[in-house]
Amino acid sequence: MNTSITARELFDLQRDRLSLRWIAGQQGEHRQIDSGDTRARRPSLAGYLNTIYPNKVQILGTEELTWLDSLEPNKRKETIEKIIQFQPLTLVISKNQSCPEDMRTAADNSQIPLWVSPKRGHELLNHLSYHLARILAPRATLHGVFMEIYSIGVLITGEAGSGKSELALELLSRGHRLVADDAPEFTQIAPDVLDGTCPEILQDLLEVRGLGVLNVRHMFGDTAIKKNKYLRLIVHLTKPITEPTPSGYERLTGDSGTRHVLDLDVPLITLPVMPGRNLAVLTEAATRLHILRTKGIDPATMFIARHSNLLERRPP
């Protein structure tokens, strides 16, 4: 899913935090950058003035403006034209420095937004890079119920009617927290991190068959809702299996695997839904087991090692 942001949207988002003033190029407010564009061409999202590998947001600090002032008139004009030619999303001048008139004119003529901020260059760089990276990060919407269980993000998935919402309701009654029902949105904010949030229209809501839509915040209190959580585990509910001993399920290690989400392989544990099974307890146990495995503790491996040692000690 591609996301985009316009110069106007970025300015409105950061105006108060960075004390931005828009001094030229107001006609370029609809200029935009999208995630597909950044992945295809791989420019830096924000950085100090660079006329060789241009950034999407060019920051002009004291050294950059001093360097421009030191150029001969023809070279200065050529450099400013080159900056404009790269078509950045915006130019930002730091520390409330005076903007050169020729740069202001060039920004107006080419409709390149030109902003001024009292913040220092590295503050602008860090802040804009961070927020642009989050806004334009790859994202996906998955079907399921996303919850915080024992302080980690767990996505409960399964076909319609498998009992996801009823399980979520039981987990809520046991003190765990809801992030999103039905359509949680996941954003890859780092190479190994998927951040899950709830769409605004679904905020605080949980749909349970027979009961309809429930407001979790009103029923369980503010502490039952979590704004966002990193996805660490997927628990998948399967349809009932009638065989007494289901083939394909490892008795020692359980049914564990991974699911590919965006660029990450997320650990997955499959639980068969059968009459009489307490899925809430099983989901809690699956979460605890995952936490142990991340610490290098695997009960199945320990048992296999004990069994092997016992066989080795037995006389022939």
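Including glycine, each Cβ sits where the backbone N, Cα and C put it.
A coil conformation is recorded for HIS143 (active site) in the three-state DSSP classification, outside any helix or strand. Under the heading active site, Swiss-Prot lists HIS143 (among others).
According to Swiss-Prot, the active site annotation covers LYS164 (among others). Counting every protein chain shown, the Cβ of LYS164 (active site) has 27 other Cβ atoms within 10 Å.
Here Swiss-Prot flags ASP182 as active site, proton acceptor. All protein chains included, ASP182 (active site, proton acceptor) registers 18 other Cβ atoms within 10 Å of its own Cβ.
As annotated by Swiss-Prot, active site applies to ARG251 (among others), with the evidence given as sequence analysis.
A coil conformation is recorded for GLY161 (ATP binding site) in the three-state DSSP classification, outside any helix or strand. As annotated by Swiss-Prot, ATP binding site applies to GLY158, GLU159, ALA160, GLY161, SER162, GLY163, LYS164, SER165.
According to Swiss-Prot, the feature Mg(2+) binding site maps to SER165, GLU207, an assignment based on sequence analysis. Sequence-distant neighbours of GLU207 (Mg(2+) binding site): residues of the same chain at least 6 apart with a C-beta under 8 Å from its C-beta are SER165, ASP181, ASP182, VAL213, LEU214.
As annotated by Swiss-Prot, region 'Important for the catalytic mechanism of dephosphorylation' applies to 272-277.
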Tally of residues which DSSP labels helix, strand or coil - the region 'Important for the catalytic mechanism of dephosphorylation' (272-277): 0 helix, 1 strand, 5 coil
Rounded to the nearest Å - Cα separation of HIS143 (active site) and GLY158 (ATP binding site): 8
Other C-beta atoms that fall within 10 angstroms of the C-beta of GLY158 (ATP binding site): 20
Distance [Cα-Cα, Å, rounded] between LYS164 (active site) and GLY158 (ATP binding site): 7
Local backbone state of ASP182 (active site, proton acceptor), from DSSP in three classes: strand
